[in-house]
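Some features that TrEMBL has for this protein:
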type: DOMAIN; residues: A:28-243; note: domain 'Tr-type G'
type: BINDING; residues: A:37-44, A:116-120, A:171-174; note: GTP binding site
type: BINDING; residues: A:Gly475, A:Leu476, A:Ser477, A:Gly478, A:Ser479, A:Gly480, A:Lys481, A:Ser482; note: ATP binding site
type: ACT_SITE; residues: A:Ser549; note: active site, phosphoserine intermediate
Amino acid sequence: MAERDPSFQTDALIAEDIDAYLEQHQHKSLLRFITCGSVDDGKSTLIGRLLYDSKMIFEDQLSALESDSKKVGTQGDEIDFALLVDGLAAEREQGITIDVAYRFFTTEKRKFIVADTPGHEQYTRNMVTGASTADLAVILVDARKGVLQQTRRHSYLVHLLGIRHLVLAVNKMDLVDYDQATFDSIVADYAAFAEEVGIETFTPIPISGFKGDNITASPSPNTPWYNGLSLIDHLETVEVANTAAQERSFRMPVQWVNRPNLDFRGFAGLITDGTVQPGDPVRIVPAGKTSKIKSISTFDGDLDEAGAGQSVTLMLEDEVDCSRGDVIAAADDPPEASDQFCATFVWMDEEALKPGRGYWLKLGNQMVTATVQPPKYEIDVNSLEHLAAKTLKLNAIGVAEFSTDRPITFEAYAKSRQLGGFILIDKFTNATVGAGMIEFSLRRAQNVHWQPTTITREDHAALKNQTPRVLWFTGLSGSGKSTIANEVEKQLALMNRHTFLLDGDNVRHGLNKDLGFTETDRIENIRRIGEVAKLMADAGLIVLTAFISPFRAERRMVREMLPEGEFVEVFVDTPLEVAEKRDVKGLYKKAREGQLKNFTGIDSPYEAPEHPEIRVNTVDMTPAEAANYIIQQILPLK
Amino acid sequence: MHTLTHLERLEAESIHIFREVAAETEKPVMLYSVGKDSSVMLHLARKAFYPAPPPFPMLHVASGWDFQALLDHRDKTVEEYGLDLIVAQNEQAEEQGINPFDTGSALYSQAQLTDPLKKALSEHGFDAAFGGGRRDEEKARAKERVFSFRSASHRWDPKNQRPELWNLYNTKKNKDESIRVFPISNWTELDIWQYIALEKIDIVPLYLSQKRPTVTRDGMLLVVDDDRFRLEKGEQPVERSVRFRTLGCYPLTGATESKATDMNAIIQEMLLATGSERQGRAIDKGQSASMEDKKQEGYF
């Protein structure tokens, strides 16, 4: 059985003077790091060894480990440390780690949280996740194999995620007879690559996770030629993240407004950057109002100072408007607010990015709707080449412009991880589908101001003596949308209502004649129609639209453009068999014969509305009956 | 400004998580087992919303076989901090013939803990529940997210969890889904004890050693907490100085012999101990993957 490394043993102090030990432990700082390596680089073994040497493993776990090692281990009769950290049952059977796992160990100087992430190509997503909270990355290289494509990919990713402390751990030195020339040549290879990516410095260490060389003490007798620190010594002494963050200008995104009674109105949040003291002048972004810090209130009493990494509650001198999502910042150096920016982002979902579709974007404590332009390019993480791309698929990384439905407060990711990193959420599955890092703001947002008009939309509506509406007809091709919409418009005209009918085929001849029928084009088609309908509703009209509009996300996008209650979804619920039998334009026949691609209902889905305001059925109703029914539902329109 | 210590960083992270759930979910609840992890969670929740009380109720799943000292501590704490307490319990246990002596451990924990928990969560319509799980407890937990999504039937799907980047939590949920939130995910057992000591958090006296009537059974030291404890033939309770590292149903929770009567002594024993925390719980015995199976069924 392997010996525990004596330098980890704090047992003596624990047994002799627990008070002294706890005093020491209480003042330890925290370092979060990520380990990355290719399959079989010995990553799990290294982590298992760190846990084992730092006594994070108890006897009962150890006996389970010993019996497991004999049963499924890959190290013969020796302990297979990797089994300590491989978690879920399914992956234990496959013998690979398939997710991010977090491990903990302590040395005399620090406490560590290790993000253990897999090396497989398809799991870029997990690595990016693990790297997002790490201050340092340990890149493992097998001394027998040298710098591989995976090594390059992992290094690029951790650099992209803003990790500036890199350790190149050349592992399995025991299997190359601790040969210095092998080590030196790997370091030289890596240095050349690092320069290409923009990695400024890295710390190379020759180790054996299995035998324990240069893990806790250096130099190992096997590597007398190595004169650097051991891995643990290095981890114990590098600077931790929140120290650097405290030197920047103050920022605290407001997370929760605490108002237990009339006398207390506090703004609670986690300070992301800088420090703050009572009396400091601050600015509330994006509104721009200024005030001063009255007090820093906590459960443990008011503080004289607080800094990055602390969760506090701030009270302000003035009664300013401030709510969740706003950022309280240094008055003389606030972050910017914009509704357009450029970002590098990673796609994390099986379903590819849909440019033009609205996704939830969460940044700081702000949640907005964002649309992504078609990527400027995709980055090949192996060659770092820029590839042309129309979308991004799972695990792809690209650069694109984003626009949000209202201005958000942010900073470049290079300046602040907490105010520059965001996630994208699919509005239907609610899955986290992407993660991005803001590069820079597109200043357009600050230059294009809304033109306030004297005659408001309410004035327009009042002049017409009606309430604007957008009656959004959706349904399969041939379901009867245009026929019914036309009928509704005729009846409204008889009632002296001012209307306008936007019809699918007609719009495609003009406004949208540059668009085809791919999913991306269909999304853009609906977006433009939505914008036009909105302008017409602003002008006071009752707008009728007749488009297949097959995707829920786009219909919802239009709904969200309009004031509450103005969007009326009319579902023309005709079964596919019926619509196909009618086949007024002969399109179904063509689609069935394969002459028409992406035809809704045949080889492209129709997502039926879940809660339409109005549903009509053209099997049981004539178009006139359906129109009457719709009008009854929307009256009085005043 | 000084460099924050690891405990200060952990505290700030946990408070951030509490506030995030309060801000983004409709009806959160905190699972309050009255144990040491729950006591730390309650303390953090009080800090997060100070001077207001935590804006959610506490839910205690009582098995009916809880230590009396634990129930007393619960009631005292609720009273002192003005908390809103909900107690969930399987009222039919007796007629169903379920008890910790005759019922197998799997069925027992299902009937007395898992089912009442699921029932209470569904009945009250809680959409988020704070739990005290820590990643250092067990291998399956090391991969658990801070925000863990459960289906309408409270099942956990380890293959379908959302990535968590930075400190951005996606709290959007599908209809009928609920979220389990683990604010102390990144704390270790040592952190918990040290924080209790530093913050002078009041904990159930069962964690401290004192003379208690005990019997030895299946290699476990059990405390005879009340007269419902079924003594086997020839068994005679013996007074021993014992304490608990973890608290469950008293007939199923093993005590350890100990002289530790203050916090530092407890920590010393813990650090010098050779068995992991869950060793004292009958429920976890079985294959190493069994915790995952339980979690998929909805055990916290």
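Cβ coordinates are placed from backbone N, Cα and C, and glycine is handled just like the others.
Secondary structure at A:Lys481 (ATP binding site), as computed by DSSP, is helix. In the structure as shown, the Cβ atom of A:Lys481 (ATP binding site) sits within 10 Å of 28 other Cβ atoms. Per-residue pLDDT, averaged along the domain 'Tr-type G' (A:28-243), amounts to 82 for this model. Cα to Cα, A:Lys481 (ATP binding site) and A:Met173 (GTP binding site) are separated by 72 Å. Comparing local CB density within 10 A for the binding-site residues A:Met173, A:Leu476, the maximum falls on A:Met173. Take the mean position of the Cβ atoms of A:Gly475, A:Leu476, A:Ser477, A:Gly478, A:Ser479, A:Gly480, A:Lys481, A:Ser482, the recorded ATP site; other residues of that chain with a Cβ within 8 Å of it are A:Ala546, A:Ile548, A:Val572, A:Thr574, A:Ala579. A:Gly37 (GTP binding site) carries neither a helix nor a strand DSSP state and counts as coil. Here A:Ser482 (ATP binding site) is positioned 54 angstrom away from A:Thr117 (GTP binding site), judged by their C-alpha atoms.
Fewest Cβ neighbours within 10 Å among the binding-site residues A:Gly475, A:Gly478, A:Gly480: that distinction goes to A:Gly478. Comparing the recorded positions A:Ser482, A:Ser549 on other C-beta atoms within 10 angstroms of each C-beta gives the minimum for A:Ser482. Recorded residues A:Gly478 (ATP binding site) and A:Ser549 (active site, phosphoserine intermediate) have their alpha carbons 13 Å apart, per Cα-Cα distance. A:Asp40 (GTP binding site) is 62 Å away from A:Ser482 (ATP binding site) when you measure Cα to Cα. Among the binding-site residues listed here, namely A:Asp40, A:Ser477, A:Ser479, A:Ser477 has its C-alpha nearest to that of the residue listed as 'active site, phosphoserine intermediate'.
Each of the binding-site residues A:Ser477, A:Ser479 was scored by other CB atoms within 10 A of its CB, and the lowest score goes to A:Ser477.
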